[in-house]
């Protein structure tokens, strides 16, 4: 070890000597005098090394020699709490209080006992009673402890109140700033957070966490332009503030400013550990820009970090489907289905790809899987019936239409499908009656008929009937 760190060796030698003197004391051998500070170091050593019986023994011997030391009484109380001897711990804390009421550790340890006993009201009362008796960092610490008590008690609005008081007292306290960001979102108290952090920034304009919290509060109210301004100020102060880049990227995405989002999320990747959600977000931006090759690249990078996330394989598949690259879409969907075979969405997409590849019977098997998974969903039945229609299984399509109406209800889309099937079967008169019923129910949904089979518009009677109802609108 270099001489620059020689003091570490000296500290270790001093501690080793103290421990040896204590062992001599325990064994009844001659030993050097151990002062109060020495006993504190010995107790801490055995506590940190999980040798609780020896730590307790050290505390007892120390208190015998220094019975008026509040610090030693508090150390023993802490050890009793760790060993779940709560009544004895409270007795020890009462003795310490007689000697010194100015040590906030006394009240924090009392709080720990009451929390362990599930007596939240008493825990909160101890801290509330003392907060006004302290100032500076001690008051802030007590307020943060009280916030933790209310969190454990599930009094979440009061958690926010305590953190707000902590920041009013100490606007630059990082722990309070970090915590209030979460609790603002959790409680939805965005307007209060905006007022609080605007005040903090007025007092301390270079507080990057306050700017960040202001941004998240604006974002919580969907005021994305204002949130972006706040995040940019935070980054002007601390250009390596990775969470600000992340949230800034999200705000840009909300405003559909995908190029800007990609830029800031790339910056996040430069300064922070790669994360699947960041790669996924960049992929999403490229997908929205219809740059499907780049989208797939980033979805794949996300999947390398999170190989069991089926949604990522599905997104890769969708990017292939947008380019009508059905074989590669099928491969990605197979990966997604290996992880989540019961996803109706994945099964429907697989069916759609196979239909496009003229593998109708295989497609129908996947559409059936989707229907079994979500029997009350109109869309799953819609895809199955569409597959049967395209495959020419018209009788079976009518059978499944009856089942669809039984399970998912008599929807206009089913009437349109029934009309198409009957007309294609040559039952034009009956088909037109169902088409008229469908038009009466929802004329806008006629696009479902055209999507199913654009050739249906070659029937003059169909076109005339649709035109008649469109004129009535």
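Glycine is no exception: its Cβ is also placed from the backbone N, Cα and C atoms.
Pulled from TrEMBL:
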type	residues	note
DOMAIN	226-341	domain 'Tetratricopeptide repeat protein 21A/21B C-terminal ARM'
REPEAT	140-173	repeat 'TPR'
REPEAT	208-241	repeat 'TPR'
REPEAT	242-275	repeat 'TPR'
REPEAT	276-309	repeat 'TPR'
REPEAT	310-343	repeat 'TPR'
REPEAT	344-377	repeat 'TPR'
- Against which stretches of its own chain does the repeat 'TPR' (344-377) lie, if we need a Cβ under 8 Å and a gap of at least six residues from its ends? 310, 314, 317-318, 321, 324, 326-327, 329-330, 333-334, 336-337, 383-384, 387-388, 390-391, 393, 407-408
- Query: So what's near the repeat 'TPR' (276-309) in sequence-distant terms, Cβ-Cβ under 8 Å and 6+ beyond its ends?
  - Reply: 246, 249-250, 253, 256, 258-259, 261-262, 265-266, 268-269, 315-316, 318-320, 322-323, 339
- Message: Looking only at the repeat 'TPR' (242-275), how are its residues distributed among DSSP helix, strand and coil?
- Response: 27 helix, 0 strand, 7 coil
- Task: List the helix, strand and coil residue totals of the repeat 'TPR' (140-173) as derived from DSSP.
- Result: 28 helix, 0 strand, 6 coil
